[in-house]
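Structure first, then comments.
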Amino acid sequence: MVRHGQTVWDSEHIFTGWADPDLSELGVRQAKGVATSLRESGYSFDVAYTSVLKRSVHTTWLLLKELDLVHLGVYKSWRLNDRSYGDLTGS
């Protein structure tokens, strides 16, 4: 299981919850770094699951691209979204 990389809100210490900020530049590098680690360890998989949030989808696609696995099935579900922070979202 891989968690999404840092978002632009994470870098500013803002609660994201179900808000949908994209990955920061660091988050993109983190996702690519995880892909490198997976490749070097010989880890393989034949399906990917992600939440519907942009940061998770972006992380998934970066991993698949770096691992040359863009042909794999990707299943999205809101049930994999981060927890909702309600009124704390964005603060």
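Glycine is no exception: its Cβ is also placed from the backbone N, Cα and C atoms.
Among the candidates ARG55, ARG79, the residue that TrEMBL annotates alongside THR16, GLY17 as binding substrate is ARG55. In sequence order, THR7, TRP9, ASP10, PHE15, TRP18, ALA19, ASP20, PRO21, LEU53, ASP82, THR89 are the same-chain residues whose CB sits within 8 A of the CB centroid of THR16, GLY17, ARG55, the residues recorded for substrate being left out.
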